[in-house]
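According to Swiss-Prot, the protein has these features:
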type     : residues                                                                          : note
ACT_SITE : Lys11                                                                             : active site
ACT_SITE : Asp137                                                                            : active site
BINDING  : Pro95, Val96, Ala97, Ala98, Gly99, Ile100, Gly101, Gly102, Gly103, Ser104, Ala105 : ATP binding site
Amino acid sequence: MTSFSIEAPAKVNLTLHVVGKRDDGYHLLDSLVVFAGIGDTLEFSPAETLSLEVTGPTASQIPDGENIVLKAARLLAEATGVTKGAAIRLTKRLPVAAGIGGGSADAAAALKGLMRLWGVAPPAETLRRVALSIGADVPVCLAGTPMRMMGVGEVLEPAPTLPPAWLVLVNPLVPLHTPPVFKARTGPFSAADPLTAPPRDAKGLAEALAARRNDLTPPAITIEPVVGEVLAAIAATADCLLPRMSGSGATCFGLYAEEAQARAAAAQLGAAHPAWWIAPAQLLS
């Protein structure tokens with residue numbers, strides 16, 4: 001088999017309600033998850049041993065130690081009895097610890113690519129178990145389409161059909177790790193409030209999202225006040241239908257109806273904040 005590549009698109013939480021907490025300390029979520037037309041790329045080649053090369057604009061942000069891609073590879077090999085290797089090349093474009101599932105998307109792409117490379121097709125339940133053992137966002141990234149994500153990430157339902165729309169992703173290049181954000185959350189839990197009807201257009205989607213929220217935004221701003229600055233900067237761009245934080249931050253996004261509007265907003269933000277990571281991207285449906 002020759003080499004091939006698989007994309008690992010950014011995950012975006014359009015909504016994120018914290019609805020409860022398990023006895024083991026894990027929080028229960030109800031989240032509308034979509035994917036953006038920007039991400040990392042994984043290239044797979046046959047090899048006798050398992051290896052990973054990381055390149056790309058944000059490769060230097062990856063901490064030393066075992067990469068989540070290698071973890072995914074080893075867990076899949078254990079679950080399927082595979083003894084083959086693979087040469088994996090990860091081109092890293094997404095910022096790390098950013099709330100857009102970069103590592104989880106990479107792990108999901110690794111599972112997809114290695115199943116193809118190794119010629120294995122584990123049962124759906126086995127694959128789900130492997131994905132969840134890697135990380136809470138890996139199952140939804142493995143699905144790769146708009147989903148309502150519940151539980152700790154293991155319960156997935158297809159989302160209503162979403163209209164064409166564009167996003168501008170903005171990260172101030174401040175890593176914001178998930179556990180401290182959850183720990184800083186205060187107040188009662190939210191009710192689940194899923195999107196049930198397909199919005200008619202991007203404006204309708206923004207209206208539906210505005211009636212919901214990301215419960216992790218206040219604690220994220222408490223830890224890193226720059227998140228509030230990012231949201232304000234996005235809100236100030238022309239044609240922005242909605243500014244919001246994704247996941248546990250620090251990446252935020254603006255929602256726009258048209259590509260030209262998103263690109264103009266990204267240019268405006270980039271001129272004002274050259275040190276931030278800014279990327280316009282289509283909302284993938």
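Glycine is no exception: its Cβ is also placed from the backbone N, Cα and C atoms.
Structural mapping of features recorded in Swiss-Prot.
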| residue | record | contacts (Cβ under 8 Å, 6+ apart) |
| --- | --- | --- |
| Lys11 | active site | Val33, Val34, Phe35, Ile100, Gly101, Ser104, Ala105, Asp137, Val140, Cys141, Ser246, Gly247 |
| Pro95 | ATP binding site | Thr58, Gln61, Gly102, Asn171, Leu173, Pro175, Thr251, Trp277 |
| Ala97 | ATP binding site | Pro175, Leu176, His177, Thr178 |
| Gly99 | ATP binding site | Asn13, Leu176, Met245, Ser246, Gly247, Ser248, Gly249, Ala250, Thr251 |
| Gly103 | ATP binding site | Ile68, Val96, Gly135 |
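Within 8 Å of the centroid of the Cβ atoms of Pro95, Val96, Ala97, Ala98, Gly99, Ile100, Gly101, Gly102, Gly103, Ser104, Ala105, where the record puts ATP, the same chain has further Cβ atoms from Ala10, Lys11, Leu94, Gly247, Thr251.
Cβ neighbour count for Gly101 (ATP binding site): 29 (other Cβ atoms within 10 Å of its Cβ, all protein chains included).
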